[in-house]
Structures are given as structure tokens and as C-alpha cells.
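K.L.:
Have a look at the structure that comes next, please.
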Amino acid sequence: LLQHHGGARVDIYEKLPVPFGLVRFGVAPDHPEVKNVINAFTQTARSERCAYYGNVTVGRDVLVAELQQAYHAVVLSYGAEDNQVLGIPGENLSGVYSARAFVGWYNGLPENRELKPDLSCETAVVLGHGNVALDIARILLSPLQLLRKTDITDCSLAALACSKVRRVWLVGRRGPLQVAFTIKELREMINLPGARPVLDPADFTGLESAVKDAPRPRKRLTELMIKTALEKPVERPVEVQAAAPREWGLKFQRSPQEVLPSADGTRARGIRVALTRLEGSGDSAKAVPTGDVEELECGLVLSSIGYRCLPLEPAVPFNTRRGVIPNSAGRVVGVPGLYCSGWVKRGPTGVIITTMNDSFDTAQSVLEDLQVGALDVATSREGFGAVESILRSRGVRPVSFSDWEKIDAVEVARGKAAGKPREKIVDPQEMLRLIGH
């Protein structure tokens, strides 16, 4: 918007005092290169035509209708704040966590800082075959010396140092041709020092011919799984074997039925899965239970079956079945001047680049509406001036981008002292104290 319209001014509102959302709280700590997008965001936020207001919850501190009074156009891009539930007995037992909460915990998301996951068991089951599932498995099995150099939080590093988890099964309802993770993440997992992949060659019978004509990424991904399944384990010297007894594996065509309780009924001791067969092929294949079941022993269950967007407030249209704001090219249906972008626009799928391109499309819609006069810019709007008085009347003090830069400097300094890129502050109150709020 700033690039293509010389007169546009953009204000960004964010619930937390700190910016960057999923890049800060979703990207794995050992993937610093993925976080480079922060540099582009910072450059934009420093533009004199852009302002950042953190510590403001839209829908509570200020309503969308109030924003619409203050601005010519309002874009909602608040992502997916919840996770899909399994909907099976036992999912509320101790030892069962959503991937979203677990990732939030090791990445310093304030709402998950008290999670304290129990890592005292040997075997963990991750339900799901996406990149997030692989991230979790990798963090659980990574050598500590690798994690120590990342921006993983101090308290999760301490918990992982005491972890007894040495085996992780990644369980999916469908087959090898339907996995959602990408080759880069799989390769990283296969090459993880001190952890051995366990893939069953029988799972891949006949797949080489099945992927002959598949798109190149799917073909290469499947070939890497087949190659890993068929490779003979390297004979390691006995002393190395003793030092590296960690392993992970992929289990296919198994659908979670019930988390099994321990004898005293308080915590997870395993999971019962229904064996499935596939109907149809490719991405549209459906998993249908065969009637057979299997029990996997584990003390830790992490459910990574997807995220879920929530409605912001009753005044904003929301399709609860699809979990998105109904829109056409980012224009919210029936509400002129209201737009959406990202996961609330098209559902929680895709990586940073997908979401970035999607936001360019929404910006294009705003620019088109400006051009054809669909947005009434003849009357001037007060922007933040109007919102500021609303926030003040409700006792809310926004955090500016230069406030964030003070918090950032403290995090980087604390990290440097510990030999890490940063030590994230996980308590919003501490962030606010630092900047004198």
C-alpha cells in the first residue's frame, strides 16, 4: 500500500506488545533464516507513513466499527488463534498437548509460558504429518548443544535438558503420498545428529511407479522417504550406540481413536488408533477405518492436526464451518471498506511466502477500490487520533515501534550474555515495565 500509493498512511494494531506474530512465535528456533522476513517488516514499520500500535486487542480495546469510523479502510489479518481439537476420549488427560501450545511454549508465546509439559516418558506420539509435526519431533530429539545457540526460551531449554524422550512417532491418517511436510524439513530430520529414522519399507511398496507422473516436489519427497526406508542402518561403534539411542519414525494410515489413561486415570499412557485404508488417490484420498485397531504406548501426545481461526466480534461476518471471514479477493462480503488477509482469509494453510503473496492480493483490492472510488476518501478520517482517545478512555496504553526496539535491545543483550541470538521475554508485564508503561 505504501509502495503503490504515495498518499497512503498505514497503522498496524497488534494484540501483544511485540510485533512479528507467527515469525516470532511459530517459526522453529533452529530456523533463523526463515525469520529474515522480520527485516522487511522493520523497514516498513520505520516508514514515516506507517505506525505500529502494540498491546491493543481489537474486538476488546477497540471495536472494528470504531476503527472503520477512524479509517477509510480496515484490513483484518489476525491469523488462527486456536487449534483443531481431536474430538476423542482422553484428549484432556495430562500429557496431551496441542502442537500450537507446545510450539508457543518453546518459542516464548506469553499465553503458553506456564505450559510445563511433562517430558518424563521415553516415547512421544505426534499426531499429524505436517511441517509443525516435524518441528516438534526435531526439537524433542535435537542435541542440546544445537538448541543452546538458538533463541529457544530459557525455561524450555531447561526442560528439554531433563527430558527423557528418546523416541518420537509421527502418526498420520493417510499414506506417504499425502504427507503435508516439505522435503527441506524431512531432510533436516533425517540428518539430525544422534537420531535414527525408522521407516518401514513395506509402507512404500509400489510407490516409485505411483509417483512417476506426480508433480516434482511430491516425487522428490516420496523418493527421499523410500531411500531412507531402504537404507541399512549404519553399523555404529558400540560407544556411539550407547550415546545416541534416539529414534523417530513415520506411521501411516492410523487414525486416533482414544488417548488411553494410566491406571489411576489421570494421565496418558498410550493411544489407540484405528487402522485405515485409502479411498481415492492423491491429495483428495480419504482415510476410512478398516475395523482393526492398534495401541501405541506413549506418555506424551502432541496433536498437530491444524489450526483454527476464531471470529473476532459479532459484527464481523464469519463462516464457522470453514473458519474464515467470507470474502472476495480479500473484500469482506457485505461490509464495504473492510478487508482481510492471511489465514482468516483463506484458512490456516501454507507457509510465510504463501501468506505474503496473499497479502499483496488484498492490498491490490484496496488499491483498486481507491482507484474506482469504491472507498470514499473525500471525507478525511482521523486515524489513530480518534482511536487514541478511545484507548485512553478504556485505560489502554499502546506500545510504539520504538518501544519495541527498546525491548528488542534488552532481549538481544540478554541473549548475547548466554551465547544466543536473543533471550525472549515471555511476560508481557515485564515488557511493559521495561518501557516504563
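Positions of Cβ are set from backbone N, Cα and C atoms, glycine also.
Sharing the feature lines straight out of TrEMBL:
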type	residues	note
BINDING	Glu14, Leu22, Val58, Trp343, Gly350, Val351, Ile352	FAD binding site
BINDING	His129, Gly130, Asn131, Val132, Arg173, Arg174, Glu185, Gly350	NADP(+) binding site
K.L.:
Select the most exposed residue of Leu22, Val58, Val132, Val351, Ile352, where exposure means the fewest other Cβ atoms within 10 Å, treating these as the binding-site residues.
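P.N.:
So among Leu22, Val58, Val132, Val351, Ile352, the binding-site residues given, the one with the fewest Cβ atoms within 10 Å is Val351.
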K.L.:
Gly130, Gly350: which of these binding-site residues has the highest Cβ count within 10 Å of its own Cβ?
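P.N.:
When each Cβ's neighbours within 10 Å are tallied, Gly130 tops the list.
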K.L.:
When a 10 Å sphere is centred on the Cβ of Arg174 (NADP(+) binding site), how many other Cβ atoms does it contain?
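P.N.:
That number is 19.
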K.L.:
Just give me the nearest neighbour of Trp343 (FAD binding site) among the binding-site residues His129, Arg173, Glu185, Cα to Cα.
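P.N.:
Given the candidates His129, Arg173, Glu185, the nearest one is His129.
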K.L.:
Max Cα distance spanning Glu14, Leu22, Val58, Trp343, Gly350, Val351, Ile352 (FAD binders), Å?
P.N.:
25
K.L.:
Using only C-alpha positions, which one of Leu22, Val58, Gly350, Val351, Ile352 is spatially nearest Arg174 (NADP(+) binding site)? These are the binding-site residues in the record.
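P.N.:
Given the candidates Leu22, Val58, Gly350, Val351, Ile352, the nearest one is Gly350.
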K.L.:
Expressed to the nearest Å, what is the distance separating Val58 (FAD binding site) and His129 (NADP(+) binding site) at their Cα atoms?
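P.N.:
Here the two Cα atoms are 33 Å apart.
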K.L.:
Please identify, among the binding-site residues His129, Gly130, Asn131, Glu185, the one with the smallest Cα-Cα distance to Leu22 (FAD binding site).
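P.N.:
It is Asn131, whose Cα lies nearest.
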K.L.:
Round to the nearest Å and give the CA-to-CA distance linking Asn131 (NADP(+) binding site) with Val351 (FAD binding site).
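P.N.:
Pair distance, Cα basis, whole Å: 10 Å.
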K.L.:
Taking the Cα atoms as reference points, how far is Glu185 (NADP(+) binding site) from Val351 (FAD binding site) in Å?
P.N.:
13
K.L.:
By a simple count, how many Cβ atoms lie within 10 Å of the Cβ of Arg173 (NADP(+) binding site), its own Cβ left out?
P.N.:
23
